[in-house]
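Engineer: So Swiss-Prot lists the following for this protein:
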type     : residues                                                               : note
ACT_SITE : ASP63                                                                  : active site, proton acceptor
BINDING  : 63-64, ARG68, 131-132, LYS142, ARG159, ASP161, 172-177, ALA196, GLN230 : NAD(+) binding site
Amino acid sequence: MKCFLVSRIDMPGALDCASRMKTALERAGHTVVLDPDTASMLGGSGHSINKVSADMAVVIGGDGTILRTVQQLHEQIPIIGINHGEVGFLADLEPEEAGAFVRSLAPGFDVEERMRLSLWNEEDHLGDALNEGLIVTTRPAKMLRFSILVDGRLTEQFRSDGILVSTPTGSTAYAMSAGGPIVDPRIEGFLLVPLAPYLLSSRPHLISSSRRLEIRLESSKPAKLVIDGQNTVELGSAVSLVIQKAASPARFIDVHRNFFEKVDRKLRKL
């Protein structure tokens, strides 16, 4: 199989792991290609993430490295993450488990699909998110006013420092820190979490992905949208965002770890 290898490059331990993985995969008969940054550190030529064609990707780093890879892939190929970050909710393997994974790797591996969000401003596609889209003011310490519409009906209005719209996968990221629930990733829905709302009655909502979700920014203050902590879009003021289920989900190699046991283990590290 052809394996695409991406590594965090600002951490020597991650690069050491990447070098070992490259050797192990090649010894097992797989072809390994590197992204340009990893290739610049390990030697050899690199292949752009948004142009690569491969059977799978091995991503070594934390959640940020995995999110960045998913963002840049033109076609969503199956990913396995090896944790070299802080917590690594998206990484199913620890470094000491990488060798056993390579030995068991064979064509026909199981794949788990994770829903992504697609964010639109009228006809403009702003981007897709595996974890979340965050709307915040560009002016510190200023609140924004939001209207939430579900299937065209106004369901809530509130003022807050911002709002998160998260996937179930992203429920263990920023949304959890902001007081949102942990959501089973097999559920397909939009998790809305107000950030520091002015009224205590403004609570998180989990909305089916089959519904049309619209977030209207009613404030005159300019705001910005941050997608998966990677890309920032300046929204201006008085704009409307429509959130849909993205056409292509993220794909992860399924190593058959129980989601709730994994979350419990990761949370104990915090």
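Heads up, the Cβ atoms here are built off N, Cα and C, so glycines get one too.
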Engineer: Looking only at MET176, ALA196, the binding-site residues on record, which one has the least crowded Cβ, with the fewest other Cβ atoms within 10 Å?
Structural biologist: ALA196
Engineer: Whole-number Å distance between the CA of MET176 (NAD(+) binding site) and the CA of the residue listed as 'active site, proton acceptor'?
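Structural biologist: Distance between the two Cα atoms comes out at 15 Å.
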Engineer: Counting across all protein chains shown, how many other Cβ atoms sit within 10 Å of the Cβ of GLU132 (NAD(+) binding site)?
Structural biologist: 27
Engineer: Using a 10 Å cut-off on CB atoms, tell me which of the recorded positions ASP63, ARG68, ARG159, THR172, TYR174 is the least crowded.
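Structural biologist: Minimum Cβ neighbour count within 10 Å, taken over the recorded positions ASP63, ARG68, ARG159, THR172, TYR174, occurs at ARG159.
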Engineer: Given TYR174 (NAD(+) binding site) and ASP63 (active site, proton acceptor), what distance in Å do their CA atoms have, once rounded to a whole number?
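Structural biologist: Between the alpha carbons of TYR174 (NAD(+) binding site) and ASP63 (active site, proton acceptor) there are 12 Å.
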